[in-house]
Amino acid sequence: MRKVWLLIGLLGMAWAQTQVKVGVLLPLSGPSSVSGKAALNGIQLAADEVNAQGKVRLELVVADDGTDPAKAVPALTKLLTVDRVNVVIGGLASGVTFALSGTVKQYQPLFLAIGAASSVVEQAFEGYPLFFHYHPWDYHNVAAALQFFRYLAQAHGAKKVAILYEDGPFGSAGIKVYQEQLKNLGYQVQAEPFKTGSGQFTPVLTRFKAFAPDILYWIGYDVDALPIAAQARQVGLRPKLIYGAPPSWPIGFEKNPLSQDVAGMTAWLPTVSNTASRRFVEAYRKKYGEVTEEYMAPMGYVIVKSLAQAVERAGSAQKERIAEALAGLRMDTPFGPLSFKPSDTGKTRYQGFGPEVWFQFQYIQGTRRPVFPKEKATVPFRYPGEYYLR
Amino acid sequence: MELFLQTLLNGLLMAGVYALVATGLALSLGVVGIVNFAHGEFLMLGAYLSYLLFALWGLDPLLSLGLAFAAAFAVGGLTYYGLIRPVLKAPELNQMLLTFGLSVILQNLALLLFGADTRVVAPPYQAATLTLGPFFLGAVPFGAFLLSAGLLLLLQAFFTRSRLGLAMRAVAQNRLAPGLLGIEAEGVYLLAFGLAAALAGAAGVMLSVMLYASPTVGFLFTLKSFAIVALAGLGNLKGVFPAALVLALAEALVSTYVPGGGGWVEAVFFLVLFLALVGRSRRAL
């Protein structure tokens, strides 16, 4: 008799459990793979936790977009037509997400965008009712970076910025506007393009020497980080701050002495001390045996957690009902509170995080430490950096 | 003037590594007669070996040089024996497709084993700088230049002073006659292909310090090596260093003096290749 009751109980649980098949489309290879793999780790961690709780069951179907629109579009089409998912988590690289917009509009899934900061993407998804964008937009990123540059000018007297930007869409989009904004802050700006991965910076850096910049600001990929840090020293360029804005940093860079005092911007680090962040770090360490510094890991985690909560509230696997529940959701995350509101331009309806999540860090003795704004700093900002003082 | 001389110095230092990689390509082209699109992947092998030895045992990349040279020689030799030898008499297009396929396979193998992430090493001298009056020389590029020059001089001595080297030059000049004189062409091909891979492997170690290790690190150097070899004259080993110098100086000058030149620098080798091919075809008329 007890077995019958147990069976009835299990059937009842299964009946109450809402099952959702979720497509996960991320760059697991190509230039954005470091971020993509970090995001996948966060997604899988959250899915395990959700499934263990038993109220919602998430089945993940993972595909690699290769950081390449030509691979991403067929991969998404397969997820939507062969695997028949109704919910997709993806869209990390802007160029790839832009290319996905047509397929998304055609098959109309609930699309939960993890990255894709470019406002070109915002335009592409304008009016699409099932588009939830968690990551801040590029104008939020610029606002956060400019706040830092304003501080550098006012508190440290920085006057000259030399910008090295990669000549692809990532580095070049909006570079002119960016230069103007820096000039408006009172900076003298000299900007030079470069080919990412070429590793040849000595001629440009030699030219920058005559300009004698206070800040060497590079916008490129992880492959450029070490050559720039090394070659700046080799040509005798002595900026007071080396500031980088790659989507991810190279593996082992933090252990390289050349990374000392190099600064960058991120939305999260394991040292962020709110409760949700501490809980995430602990769970991540337990599952993977290490701690990540990539903010895409908690971003993936947050998306799955918010999705599970929305599914639970909606009590349905229907995408429109999940979207409705998601729109009214409020939750604490490792980045701070999350709720959705229309984007600043009004083009998309559901924007998650804004400029407030960004902060500046520095590599200090082998680890990334928050240094600005002051309320988020865990150590004093080191200006001028070691590369100037040597 | 100071900027101009510093630019020339930057170009000169880069020319050493270019010459080392391109000499390998010229060897496989001149002696074996194979257009090897997978040449850059031997370079990648050296870069990853340097990274692994550094990451696992903290071995200085300088000490990895000999090992990378030997490992790349072995892989090159095996590649020759298993893949190149059977197609030596096949049409050139088939040979090119084979080496192109090998390049894709090796890149994807690296992707599978190491992922697409960029890996870096951190020897203590990585950013060391030498100053010569107003001029700056990166210790690593300077060391790489000296090493490359040393290896190329050794190679030159091998070609001019040793019987095996002379045999190689003989095979490069005429494929049939050396056989009639008792020179084992098969062995010479094997040695040449192995040596070509070994030079690229050594260059890979240097680049792991100067740049990074990644599955695609060799690709760009393959393209540049083709431009250098075309400029030097196919298979002309003596012309490789001057050609590498022309390319490296052209890149440095464009990067320094052309507005936005940093973005154009990778187009320079296309221009060099184009000019070399057009120049040669005109001379042939």
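In case you wondered, yes, glycine gets a Cβ from its N, Cα and C as well.
All TrEMBL annotations are machine predictions without curation.
The annotation transmembrane segment is assigned in TrEMBL to B:12-35 (among others).
Sequence annotations record features per position, and here TrEMBL assigns transmembrane segment to B:42-59 (among others).
Residues or ranges marked as transmembrane segment in TrEMBL: B:65-84 (among others).
Here TrEMBL flags B:96-115 (among others) as transmembrane segment. Residues 34-38, 40-41, 44-45, 48, 79, 83-84, 87, 213-216, 219, 222 of the same chain lie 6 or more positions beyond the ends of the transmembrane segment (B:96-115) yet place their CB under 8 Å from a CB of it.
Per TrEMBL, the feature transmembrane segment maps to B:135-159 (among others).
According to TrEMBL, the feature transmembrane segment maps to B:264-281 (among others). Beyond its flanks by at least six residues, the transmembrane segment (B:264-281) meets 220, 223-224, 226-227, 230-231, 233, 246-247, 250-251, 254-255, 258 of its own chain at Cβ-Cβ distances under 8 Å.
Proximity of the transmembrane segment (B:135-159) to the transmembrane segment (B:12-35) is established through 3 or more Cβ-Cβ distances under 8 Å for residue pairs spaced 6 or more apart.
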